[in-house]
Every structure is written in structure tokens, then in C-alpha cells.
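What follows is a single structure, written as C-alpha cells, with notes after it.
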């Protein structure tokens, strides 16, 4: 579908109202069907181990690949969004997710499951989820924090409903037929994508189009290179290097990572955090079952986490959106990560169902803060016109630790036959990440204040709290663009 010609331009409307709320509703459903889906895989853990005769480590690769690709496909999603728009990316993601789960129902080995449910479904979920988050950032400005928090309640709905549906279908018709039905459900991401109408800037340039000064700047750099080239062969090599540099800068935001200390610290902290963040979601149900909890009650634990999230996430979004926390959301985020890490020690104390319920309540409160603030803090530290690229690098780095964390912990469990190491590992990574982010941002703020005190005040300071003050003058920040809606014929 072309975003350029086959459309009818309507009058520009302000953001934060009108069709933006329909996009928010679509984002809620998208997050329920993408981010809310992987945690329910733990319910199938025992059945998959039995049918494929696989170890804990081998079986844990399946959800790890799914979650890692979901987060790590960011650069591909960024390319799709810039080239075709959010609507196309979301709908393509829904199609891939559905095909992946349908194919999974016919798998005859655990390695086949890695490709179908792990890679294909994970990649589809990535396209749908990240394109939906990007669209939400353009449709909301004033209410962006609340919109992100409301959208993240979709994850809570997914956490609540997917485990209950999974356990019911698993008992009634087995995991193969359940995966077949899941494929049909995930196709509804295409419906959500259809709601996300293409957005055009008031100036007439599409959101995914290059910025006006980008092409002349690229040509100027190529001309400079050609002047210093000694031969056509050398010129060709330099042109390739320049093209590679521009691709990395455009889609992976390496320039932001190198120049913006706030983005750098936040990305490293979240990447380290993800080594332990997903462990309880994958191993909580097997841990409860191994300690004598009945399967249906064990599945209920994940639903408890999701149910509490439904109510806590909007409150967290409203709280963090208050002007008192303006520029301080990173500390709220670090506090939530710290609480998440400390809560894991409850599981070490006892595996009684009542104790696990208490653990799920505390974990859910902490997860609400993490879920509601993750992308809002990222929007705080980078400019919105580079958010898609920054999100791509951010997610591909965290996907590496999401991929290796669960299998390594599963290998440790196989060797020791002790599930307590799951929660020890999770606590270590979460607590250390929380302390790193909070202390480093605090030091960065103090350093920035000292620099400002030693220099003549600038007329137009950066509006991003966590960006390091540049050493050379920067162009004046542009106000949020007005939007024009395009309706396809």
C-alpha cells in the first residue's frame, strides 16, 4: 500500500484527540497479543519437555528466541516504518505471527519450534509491537506519558488472559491444537494495523521520509570524500563506507549512542537488566509444579501478575506524568527495577502457593513501573524524530541478553537440579542494573550542572533532561509537528 498517492488529505488536526484515541485502543490490543503472549509459554514447558524429550536448557531456548527476536528485530521494523509506515509494519507482523504459530502446531522436533514459534512469531510480534509504539509516540504529545501507560495495560491484559486460555485449551485439546488456535488469534494484529491510519506532517513530508537537510548533507559529505579520493577504486570504497555509515546512523542510532550519555547509560542498564528480567516469567510455573502446586493453580500465578498490572499501570503512568517527576522518571524506573529484583527472594524462602501469590503481587507492582516507564524514559532521552532508530538499537542490544539469559540459567538448573538459582540470578541482574542506572544518572546530572555553572547560560537549553549538553551550538528545537490524516481510497 502506497502512502504517497492513493490517499485523500484531510485538514490538519491537533494531536492527543480524535483518531489518536482509536490508535491508543489498537496499541492496547497489540501489546496484549505481542508482549503479553510469551509469558504464557511457561504453561507448555512440561508438555514440550515430555513430547520432545528435551532438557530445561533446550526447552528454554524456544521462548528465549521468541522474546529475543521480538526485541531484537527493531532495526528491521525501523526500516519498514520509515519506508512503508506503521500500518504496513503492524499488519505484516500480524501475518507473520499467525503463520508462525500455525506452523508450530506441525513441528516434530524442538529445533523446528525454534524457527516457527521462536523466530517467525517473534519477528511478527516485533513488527506489530514496535510499529505500534512508534505510531503512539506521533499521535500523542501532551498526553504521551498517560498514553504509554494506558497502552502498556495491554500487556497486563495479555498476562491475565493468555495463561487462562492456554491452560484451558491445553487440557481440552493438547498443545498442538492450542498453537493452531493461537495462530488465528494473532492474525487480529492485522485489524489493529488497519486502524493506524498513515500520518503526514503538515509540511507534506511523510513521517518515514528523510528530513529536508538529510540528502544535501549526504551529498556534501560524498563530495568531500570524492575530493580526497586518489582513484576511482578508492572513491568507490569510500562511497560504500559512507553508505554503510548512513544506514547505521539512520536505522541503528549509533550516533546517538556515542553522543548522548543519557541514552548510552539507559541502554546499557536495560540491556543488563534483561539478563534476569524474563527468568521468573519462564520458570515460575515449572518451579511451582515441581514443588507440588497443581497445574491449573500454577497457571493462575501468571494471571495474577497480569490482573494486578491492569490497575497499577495506569496509576503509574499518571503518577510519572506529574510535573514533580519531570526529568526524574529514570529514578522511578530504577526503583521499580530494584523492587522487582528484591521480590525474587520471596520465592527462595518458600514455594507454598500462598507465598507465591504474595510474590506475584509484589512482582506485579514492580513490573507495572517497569512496563509503564520503559519507553517513556526512552522518549525523554532522545528526540522524537529519532525515536524509531533509537528504539531499534535499544531493542537489538537487549535482545542479546534476553536470548542468552534463560538458556544459561536453564543449564544451571539442569546441572544443580535446583530452581532457586533462577531467582538468585534474576535478583543479581535486576538489582545491579537498578543501582547502575540510578547512580550513573545522578552523577551525570551533577556533571551537567557543574558545566552549566561554569559557562555562560545558553538561550535555548535542551528540552531533554538526560541529554548531555553539546559542546557546539545546535539548531533550535522544533515544536511537535501538526498532523494530517490520509485515508486510503
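One is the number of the first residue shown, and numbering goes on along the chain from there.
Using N, Cα and C of the backbone, Cβ positions are placed for all residues, glycine too.
The feature domain 'Major facilitator superfamily (MFS) profile' is assigned by TrEMBL to 20-450.
Residues or ranges marked as transmembrane segment by TrEMBL: 21-45 (among others).
Among the features that TrEMBL reports, transmembrane segment is placed at 61-81 (among others).
Sequence annotations record features per position, and here TrEMBL assigns transmembrane segment to 88-106 (among others).
Annotation source TrEMBL lists transmembrane segment at 112-139 (among others).
Cβ atoms under 8 Å from those of the transmembrane segment (177-196) belong to residues 22-23, 25-27, 29-30, 33-34, 37, 44, 86-91, 93-95, 97-105, 117, 121, 124-125, 128, 131-132, 135, 166, 169-170 of the same chain, restricted to positions at least 6 beyond its ends. Feature annotation from TrEMBL assigns transmembrane segment to 177-196 (among others).
Among the features that TrEMBL reports, region 'Disordered' is placed at 207-237.
TrEMBL lists 212-222 with the feature compositional bias 'Basic and acidic residues'.
As annotated by TrEMBL, transmembrane segment applies to 265-286 (among others). Long-range neighbours of the transmembrane segment (265-286) within the same chain, counting only residues 6 or more positions beyond its ends whose Cβ lies under 8 Å from a Cβ of the stretch, are 38-39, 41-43, 45-46, 56, 60, 63-64, 67, 71, 257, 298-299, 301-302, 330, 334, 337, 340-341, 344, 347, 356, 363, 370, 374, 377-378, 381, 393-394, 397-398, 400-402, 404-406, 409-410, 413, 419, 422-423, 425-430, 432-434, 436-437, 440-441, 444, 466.
Sequence-distant contacts of the transmembrane segment (298-318), counting only residues of its own chain at least 6 positions beyond either end whose CB sits under 8 Å from a CB of the stretch, comprise 36, 39-40, 42-43, 145-146, 148-150, 152-153, 155-164, 166-167, 281, 284-285, 288-289, 356-357, 360-361, 363-365, 367-369, 371-373, 376. Annotation source TrEMBL lists transmembrane segment at 298-318 (among others).
When Cβ-Cβ distances below 8 Å are used as the criterion, the transmembrane segment (330-350) is approached by residues 266, 269, 273, 276-277, 280, 284, 287, 319-320, 356, 358-359, 362-363, 365-370, 373-374, 377, 380, 420, 423-424, 426-431, 433-435, 437-438, 441, 466 of the same chain, each at least six residues removed from its ends. Positions annotated as transmembrane segment by TrEMBL: 330-350 (among others).
The annotation transmembrane segment is assigned in TrEMBL to 356-378 (among others). For the transmembrane segment (356-378), the list of distant contacts is 133, 137, 144-145, 148-149, 152, 155-156, 263, 266, 270, 277, 280, 284, 288, 293, 301, 304-309, 312-313, 315-317, 320, 329-330, 332-333, 335-337, 339-340, 343-344, 346-347, 387, 390-391, 394: same-chain residues at least six beyond its ends, Cβ to Cβ under 8 Å.
Taken from TrEMBL, the feature transmembrane segment covers 390-409 (among others).
Positions annotated as transmembrane segment by TrEMBL: 421-444 (among others).
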Considering only the recorded stretches 61-81, 88-106, 112-139, 390-409, state which has the highest number of Cβ pairs under 8 Å to the transmembrane segment (21-45).
-> 112-139
Is the transmembrane segment (88-106) packed against any residues at least 6 beyond its ends, judged by a Cβ distance under 8 Å, and which are they?
-> 1, 30, 33-34, 77, 80-81, 113, 116-117, 119-132, 135, 176-180, 182-184, 186-194, 196
